[in-house]
């Protein structure tokens, strides 16, 4: 490098991001491990990171010395004839004096590795890193211990509170026959204009989808229920008692799931109630999705099966119903159990539920679970096809939130003309009276 006149000398010609360019490998001795605590760079006084080329220095001076020696540059001091003070702030101002200070401190050119040795060392470090990662169980690379603990707790809660075989779902009401148990409410047989309007809306809510039910007995017998043809409206109410029993059974499992989670138990009881009232239906649908067979349009709940009846408009007509579209779209993502339970946690810890007091605490918990879900996906689904999976899941949760609001309004309209909700349903959905 040529020495320029004082007035035109540009130090940037020699220095290239000296404070961010690290030599490969680690120093043999960490500066913080020295007796007496953190050490300072013998060249410029900055915080040292260890011994580099025989001297305790910072990363900046280490990189500077290595580059200067490799370039074999001829430098002259443009200021004070070789007497510049080298500090953290002035080390870039005079390269000649900085190099002199490096040599006077004891830095040795012969300790600089050749380019070939550097590449060999880098390859060795990468190989050891790959070997170290390969010894870890699948699914834990990149996850912190706290995140692994959170997933374990959620999986444990799910296992303890979700009866995937529905073997404990007993003593439920089956759909009634047309002659008993499903007559049109008396108030609607000669309705007023207001009652007729309510009835038409309920009819629209319920008639968009028909569901058949199959029950397999322990003795091998099979009981089938198929929704009857339109018979003046009374057939609409036949499934309500059974669905109320199934919903109540699922809601109890959701409540117990939340109680297993330590972060949930730490919240005030008022916030626990508010979160459960807001999220129980959403968590219930996430669990139902795990037993949904998208190929047959059937929820396989142990001995019970619920199958969608093809409407006149065919399969595409079903997808116009937001709830059904949600189940098909979510099932298409082919989620892991861990991803399902993390979705449940994100839904449960929603800080904007009505009545929540500790918004910040709940918001932080939701963020932790969301970050854990993102990390889990990055660790377990590195394929390009899954690079948008986290965003898709969060979009599904947003859609589920909207469906929850619609469902609550539907339920209240039905309850208003034909009370069917169980006490637990009334508590969760804020239904007063019967």
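The backbone N, Cα and C atoms fix where each Cβ goes, and this holds for glycine too.
Pulled from Swiss-Prot, these are the features on record:
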- 38-107: DNA-binding region (DNA_BIND)
- 41-61: zinc finger (ZN_FING)
- 66-92: motif 'Bipartite nuclear localization signal' (MOTIF)
- 77-102: zinc finger (ZN_FING)
- 108-145: region 'Hinge' (REGION)
- 146-433: domain 'NR LBD' (DOMAIN)
- 247, 285, 286, 287, 288, 407: hyperforin binding site (BINDING)
Cβ-based neighbourhood (8 Å from the centroid) of the hyperforin site, residues 247, 285, 286, 287, 288, 407 excluded | 250, 281, 282, 283, 284, 289
Among 247, 285, 286, 287, 288, the one of these binding-site residues whose Cβ has the fewest neighbouring Cβ atoms within 10 Å | 288
Counting across all protein chains shown, how many other Cβ atoms sit within 10 Å of the Cβ of residue 407 (hyperforin binding site)?
-> 18
Work out the three-state DSSP category of residue 285 (hyperforin binding site).
-> helix
The zinc finger (41-61): mean pLDDT?
-> 93
